[in-house]
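Pulled from TrEMBL:
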- 6-330: domain 'Glycosyl hydrolase family 67 catalytic' (DOMAIN)
- E164: active site, proton donor (ACT_SITE)
- D242: active site, proton acceptor (ACT_SITE)
- E270: active site, proton acceptor (ACT_SITE)
- 332-554: domain 'Glycosyl hydrolase family 67 C-terminal' (DOMAIN)
Amino acid sequence: MLAQGDFSKVAYSTNPDAPIRWANQWDNLWDNGTHGSIERGYGGVSIFYDGVGHVREDLSRVPMLGRLLASIRVNGIVINNVNADPTILSQRNWDGVEEIANLFRPWGVRIGMSLNFASPQTFGGLDSFDPLDDQVIDWWQGISDEMYERVPDFAGYLVKANSEGQPGPITYNRTLADGANMFAKTIAPHGGVVMFRAFVYDKLDWNDWHADRANAAVEFFGELDGQFDDNVVVQIKYGPIDFQVREPVSPLFSTLRETPMAIELQVTQEYLGQQCHLVYLPPLWQTILDFDLRVDGKESRTRDVLNGNVFDKKLGGYTAVTNVGMDQTWLGSHLSMSNLYAFGRLAWNPTLDSGAILDDWTRLTFGLGRSVRETIRSMSLESWPAYENYTGNLGIQTLTDILYTHYGPNPASQDNNGWGQWTRADGEGIGMDRTVWNGTGNAGQYQPEVAARFEETETTPDDLMLWFHHVPYTFELHSGETVIQHFYNAHYAGAETAATFPKRWETLRGRMDDERFEHELYRLTYQAGHSLVWRDAINEFYRSLSGIADVQDRVRNHPWRIEAEDMDLDGYAPVDVEPFETASQYRAVVTNETGTATTTLNFPDGTYNLAVNYYDVVGGNATYTVALNGKTVGTWQGDAEFRLGKFPSEYLDGHSAIRVTFEGVHVKKGDELVVTGMADGSEQAPLDYVSVLPLGVV
């Protein structure tokens, strides 16, 4: 209140809606693996681990994080990756873990630890990790007793088992409850809690129409309800798949009547722009928290399941994968910190208004200026709908590349594999049939009133239509649009919204410090360009697949665009791009040394914005120059991998595609435009196209 200039006299009392309000950090002891120092982290390296297997010597950032978490009312943090390394249990690391706990304790933040289920065998030297084996039980009891001797206020364990290659009790034909209860018994005397993740699924047969990863949580955990010890909390991702731009609430929340539950949100934007795209997440989260599950035909909001009111449970609450790092912004972007702040506020009181939370955060972060607050508020509240529009619509998921970076567009990666994030898109139609009468039966996992609503297209909302139904591209939505035309329109609308962000942010120049202003201006400008990559890639993929044209004749019709492969090339050579839709006409040009791409402009005299779409791959810093009639318009480097923090790509694709724009360029018909690229390392100065855009055209 004081920081926001509110000096009113008040008597104020507030209590948390649920007892568990934990951050989850996916930090790795080693930084040489596939996912680096922090799995799905985009804000620098781990604040806990040195990257070579040990807790850091310098833990000075830990109390800063403790203060930050305490300020947003978070009371626990799991300090290592759910894909846990057993060597976290080494004596050297235990000394470090104890020190981490000591540094968090003054802030009222208790630590937890992720465990690798096979640790008794792989680290402890036993010949088994069977949860019913007395030797295994004794081994874990020793671990727990030592933990509480070192850290008396230890919060508890987080366990990922029998999922995505992680070991678990099913290896020994034991149940997941057997595994959870083994840990629970070892820490129950100390007051500890076991958070057992419901993210358990097997790879599936793509050719089986009835197979569905969305069913996995209920299939694995539904029959175990009532078999878990009292200090076990099942930790459930908010949707049935994996942190997508829109999912229905997980049906498991209305299934486990006898088992405490916590929701798993994701502050780090794994599928949602990796902190390179502004996406304010609380409106997404509140579609889940406010959803009425209709348990026994009564109002049953998800938030009231989490606080224990629906099923009369004392335990429960909120977790979020946060993945802060050593970057001075914590997450990689100043604006993305609004999501971490909002997580803490909503975990304390899930009925708060997303906009009001944002206003508080903006005043506390950037000061009391009205224009700053209103600009950040409007952009942020528009950001999730815009991102959904230019990525994946109608409940079809984010349409990112699930097999590589989880970042740029690659809708084909969803299908024809065993991962189960399917769209079932073909030349005739799209969407998962999750009905009971003809599909996977997922709709039937919900309570009867909800199940009946999702079973029929007539009562399924448009924004989840393709989640629950496989329909023709010409299917008419409640909005009156066909599915395919909705795709086209939404992708253009989303990109048009993102295009406004840099200009709106520019109005704040001088109203905050230069460092934060320039940092976010770079990201918002990048987002505006990358939203066009998304727009064009998704629209062209489904136009090509369906054979149905855009009724507004925008898709694959770019009158202001000059393809690099159609220019006069010297030192450059055309190459095919994969996925094909991530290049304007499926091709780009590359050079091994220095190349030029030259063209004579045939546009009317006037002032234009000159944009160059290229690819910024990891492995080098190519240098580019664009000139008109021999006069340099601008120069730049392919150095985004050092400025953005997203998962890098070594290929020409939707992850590495990027745009640079030079505004207010005076052009005359007949001018000669030359783009020069100088390769560096493995970066071959790749170019896709040049756009000469009339002012106001996106």
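Placed from the backbone N, Cα and C atoms, the Cβ positions cover glycine too.
Fewest Cβ neighbours within 10 Å among the active-site residues E164, D242: that distinction goes to E164. In the predicted structure, the domain 'Glycosyl hydrolase family 67 catalytic' (6-330) carries a mean pLDDT of 97.
If you take the C-beta of E270 (active site, proton acceptor) and look for same-chain residues 6 or more apart in sequence within under 8 angstroms, you find R40, F243, V321, H406.
For the residue listed as 'active site, proton donor' paired with D242 (active site, proton acceptor), the C-alpha to C-alpha distance reads 13 Å.
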